[in-house]
Amino acid sequence: MEQHQDNSQASNAAAPKVPNASKAPKVSKASFKKTFRLYKYIRPYWPMFSAGMLLLFITSLSNLAFPKLLGDLVDNGTHSKNISAINHTGLLLLGLLFVQGILGYFRINIFVRVTERSLASLRQQVYNHLIRLPMSFFLNRRVGELGSRISSDISLLQETFTTTVAEFIRQVIIIVGGVALLVHTSAQLTVLMLGTLPVIVILAWFFGRVVRKYSKQAQSQVAEANTIVEETLQGILNVKAFANEFFEMRRYQNKTSEVAKTGIKTGTYRGAFAAFMILGVFGAIVAVIWRGAVLIAMGSLQPGLLISFVLYSTFIGASVAGLAEVYATIQKTLGATEHLLEILDEPAEPITDSALISPKDQLSGEISFRHLAFHYPSREDLNVLQDISFEIQADQQVALVGPSGAGKSTIVSLLLRLYEPAGGSITFNGRNAGDFPLSALRSQMAIVPQDVFLFGGTIRENIAYGKPDATTEEIIAAAKQANAWEFIQRFPEGLDTVVGERGIQLSGGQRQRIAIARAVLKDPRILILDEATSALDSESEKLVQDALEKLMEGRTSIVIAHRLSTVRQADKIIVLDKGRIVEQGTHQELLTVDGGLYKSLSEMQFTH
Ligand SMILES: Nc1ncnc2c1ncn2[C@@H]1O[C@H](COP(=O)(O)OP(=O)(O)OP(=O)(O)O)[C@@H](O)[C@H]1O
């Protein structure tokens, strides 16, 4: 079953292609519509969400009162010289600040609650869906990347829902309200102020584009560089064994210097942008105050109004600048949403969470393949299996043999219905495999793979994977039957020994026996064994073989055999070559086929 791990394993040499991770879609009506589909996760919390929105409106609008009140304060001082009016306005400002603070606290609290809850359900739904997707989905994707993309997409949504949407609404209110108040304060100064705006907007648009382009480029270059680190560290054994350290250093160096070059280019534009913006913004402020001072001197403007005006202008300026950032985040969010929806729209396998298998779906152990043809969805032009026909009776032991790449693992994958056949059919109990509920079918089969994958938990958890509700007694009995109890017992923590990265590293033979114990617990009707290619030492080989034989008793078993010595007892040996069955029969029968593949394979193995 090697092919199932190909996605996650490191390929040590070829430079990986980084997908178009940073390709942001256009902010269009269609993409907004898509994002609104995600609002269904917020819907259960809409009363809370609406309350948050209301607070947002109130706080944003009350923001607009500050410049006016501050201007009044100054006018009270310069003109009326009325201390009680000054104190009154001052207190009003203080009160407003307090109210703003309190409302702001509640608003953020409410938005965070709504967001966290809805994102938890989105995260769960994406995972639930992802894990139910068919194998064909995972064939074309790098599994590690998929995981990190999903988590970064979801954090982006989190940021958008908690801050960006609020920022956007606040900024729009401030811009619209602010401009209206500017006109109200002084139409003449407003014309002067807004006159400079187009220049600033055009400059900001131009620089924004260039900077965005380079940052995107830098982002994907950083991702490529990170992939090199990740892959070489995962495949460190290969790097060292091939003495390719210097090759990898150079490969990484190329990428890091590309990143630096792009970063410097971005920096140059950013610098120029900042300079122009400072010039533009301060230029506009200087112009307005200048003109304002003239108007004050002429007696046609109150100093307080000029202060209000300048403050409104800075509020608006800050909001316009913030809006650009909000736009960029929204653009990224749309990309993230599209990506998540793409996953959610992939058709999942019809898997059910029912432990009960109806009597009509109980497997008898009888299997037949009829004229089966298959090609992997990722390589449609390559026929991996052609015209495969064979029968297996209940409780028979059948071996699949043949050269590497002949299609043995593929037959097993089809048996587990990990893929759909391209032609022909597979039947269980004489009934088409497609007529059985997928979960019922798979739950009656167990596989002991050659490369046993252990989860990073305890030995107990790893064995119980075959039957999550197993009792300790059942687990121990399974471990005993798998000849694993003896070594488990020797660990100080026994079944609770942690395996994997932070625990004990088990040997190949021990891992296999854990996998056998898992299969014993599952008590399958059909057992699939993928024999380990790497030879175990004869002691553990005997223990594993012995455990397997016990396990095979009383069930149909299919063994992918790499060593012919282990299949002599099989009821039937199916010999595959280049995706076709070339011979089938018992060991004795196949040895009589002159010039047969089995005969020549066994001669080769036994003379060595
Ligand atoms: N995921 C995949 N996508 C495309 N082609 C694949 C995939 N997995 C296997 N193949 C191709 O299918 C053919 C059969 O592979 P399979 O793994 O079934 O052979 P096998 O007999 O089990 O080999 P081995 O003994 O080396 O494990 C090979 O040509 C292989 O390149």
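The backbone N, Cα and C atoms fix where each Cβ goes, glycine too.
If you check TrEMBL, you get these features:
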REGION    1-22  region 'Disordered'
COMPBIAS  1-12  compositional bias 'Polar residues'
TRANSMEM  45-66  transmembrane segment
DOMAIN    51-332  domain 'ABC transmembrane type-1'
TRANSMEM  86-108  transmembrane segment
TRANSMEM  168-185  transmembrane segment
TRANSMEM  191-211  transmembrane segment
TRANSMEM  271-293  transmembrane segment
TRANSMEM  305-324  transmembrane segment
DOMAIN    367-603  domain 'ABC transporter'
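Counting only same-chain residues 6+ beyond the ends of the transmembrane segment (305-324), those with a CB under 8 A from a CB of the stretch are 63-64, 66-68, 70-72, 74-75, 167-168, 170-172, 174-175, 178-179, 181-182, 185-186, 189, 193, 201, 204, 208, 277, 281, 284-285, 288-289, 292-293, 295-296. If you look at the transmembrane segment (168-185), the same-chain residues 6 or more away from its ends with a CB under 8 A from one of its CBs are 53, 56-57, 59-61, 63-64, 67-68, 71, 193-194, 305, 308-309, 312-313, 315-316, 319-320, 322-323, 326, 330. Same-chain residues lying 6+ beyond the ends of the transmembrane segment (45-66) with a Cβ under 8 Å from its Cβ atoms: 93, 96, 99-100, 103-104, 106-107, 110-111, 113-114, 117-118, 166, 169-170, 173-174, 177-178, 181, 311-312, 315.
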